[in-house]
């Protein structure tokens with residue numbers, strides 16, 4: 001598919017708050033105890049926040065390793081997964097008798113220090129770095145979430161993904177008395193609902209059995225790590241939308257959203273956790289149980305943009321996939337030029353592949369400020385546009401007087417490409433040929449990526465393909481524009497099309513979407529507001545916002 005025509009800010013360091021749960025008398029500054037009936041939530045008072053970090057999707061990590069510094073291992077694992085979530089970070093550890101949870105808004109390096117990590121002793125830990133898919137960016141919504149099961153027992157949980165039946169699960173929690181009617185809830189995420197239902201089910205059985213009963217009723221994309229005082233659990237939804245891998249340490253086991261998270265702690269890759277599989281790891285080893293039949297639909301955008309290039313997905317190198325996409329893009333959308341440059345970092349491998357295939361020289365035409373986060377995940381449009389200028393700067397001596405092929409990973413809103421084309425022209429480029437290493441993004445994602453409403457997607461302006469391409473080209477100001485085909489992108493992944501989700505490109509969603517449920521980021525906030533007005537959760541269906549509606553349905 002090719003058209004040719006003639007012409008982050010560092011968050012302030014918050015005062016850290018430790019929640020020690022599982023032993024009476026160990027809770028700090030309890031200010032409310034209002035939300036979950038027999039499973040009380042203890043909220044530590046939060047300092048004032050002024051948070052504007054960039055966003056990505058979440059990363060989860062877990063380790064079971066007696067005799068190891070599990071909190072530090074988890075810290076390093078989260079460091080490797082920082083690109084997946086930059087709003088908040090947290091770690092939970094357990095030593096066989098209690099669970100300790102520490103979390104705050106900010107990057108992993110902002111939330112944790114040596115003193116904090118040294119105080120978190122145990123043999124099992126989970127960690128989470130957050131990008132919000134459901135619920136606002138608040139301290140309460142940081143993870144891991146914690147719920148009491150019984151006196152001296154509890155469960156901590158971290159979640160990567162996004163559920164599509166949150167309203168249904170919240171109604172079930174409400175019917176069980178797990179959601180307060182009028183008192184503001186300390187957390188408003190689908191992850192919090194899962195934690196509440198899991199703890200509620202474990203009150204009358206084991207945590208493992210409660211999970212096996214709950215998970216088949218959960219719909220959407222989810223990779224979970226959760227734990228009690230002794231055991232680490234990890235599971236993946238039946239479609240395997242998001243990645244999750246198992247690794248081996250000399251004295252234990254590790255799970256991580258990406259294999260790069262295993263590498264950083266010296267764990268050897270064992271295998272991917274299968275779709276529909278629950279793992280339990282304790283002193284008896286690793287137990288595997290199927291809670292649903294697998295129907296693999298891995299997110300193809302993980303290959304294009306989300307995952308680290310040094311990770312592998314379903315046995316395929318992410319870096320290798322991106323280079324191959326670039327080669328195919330060169331064959332599908334050739335153009336005469338003097339130099340190929342990539343938009344760092346995720347556009348660089350595809351640019352290398354394009355240069356290799358086309359025979360046109362590759363050069364570094366853009367410098368990236370490593371301390372500014374990704375742009376399509378910034379919390380507001382104004383900051384997105386500012387962030388592009390902050391993060392990229394052209395090397396004028398490299399590009400002046402040249403015809404450039406500029407390779408980027410994707411076009412969502414078009415802000416990056418529009419600002420980039422303007423900068424490169426000002427720096428002296430005589431022609432700008434933009435090539436995109438993914439097809440046009442035309443549909444929102446309901447499974448955990450920050451794609452906006454259809455009206456905000458630049459490729460969704462018109463239905464006709466050629467008119468759309470011309471509209472996007474004009475919108476970003478390029479001389480020519482070319483996208484790789486859907487077929488070419490899938491072929492580069494070396495995965496069968498039947499095992500991938502590419503709904504953001506073709507609108508075919510593998511996981512059934514509820515016809516009436518509000519799928520927006522603030523679905524739980526809306527439900528609580530309805531309850532405050534006297535409307536019951538069972539009345540919510542009549543008050544839902546339709547799937548193609550207004551700004552309340554921010555597509556996540």
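FYI, residue positions are counted from 1 along the chain as it appears here.
Cβ atoms here come from the backbone N, Cα and C positions, even for glycine.
The annotation active site, nucleophile is assigned in Swiss-Prot to 58. In the three-state DSSP assignment, the secondary structure recorded for residue 58 (active site, nucleophile) is coil. The number of other CB atoms found within 10 A of the CB of residue 58 (active site, nucleophile), across every protein chain shown, is 27.
The domain 'Glutamine amidotransferase type-2' annotation in Swiss-Prot covers 58-284. When pLDDT is averaged over the domain 'Glutamine amidotransferase type-2' (58-284), the result is 92.
The [4Fe-4S] cluster binding site annotation in Swiss-Prot covers 299, 445, 501, 504. Counting every protein chain shown, 26 other Cβ atoms lie within 10 Å of the Cβ of residue 504 ([4Fe-4S] cluster binding site).
Look at Swiss-Prot and you will find 346, 408, 409 tagged as Mg(2+) binding site, backed by sequence analysis. Residue 408 (Mg(2+) binding site) carries a strand DSSP state (E or B).
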When neighbour density is defined as the number of other C-beta atoms within 10 angstroms of a residue's C-beta, which of the binding-site residues 408, 409 has the lowest density? 408
If you count the other Cβ atoms within 10 Å of each Cβ, which of the binding-site residues 299, 346, 445, 501 comes out on top? 299
Name the one residue among 299, 445, 501, 504 whose Cα is closest in three-dimensional space to that of residue 346 (Mg(2+) binding site); these are the binding-site residues. 299
What other residues of this chain sit with their CB within 8 A of the center of the CB atoms of 346, 408, 409, the recorded Mg(2+) site? 304, 305, 342, 343, 347, 350, 407, 410, 436, 437, 438
Using the alpha carbons only, what distance in Å do you get between residue 445 ([4Fe-4S] cluster binding site) and residue 58 (active site, nucleophile) once rounded? 15
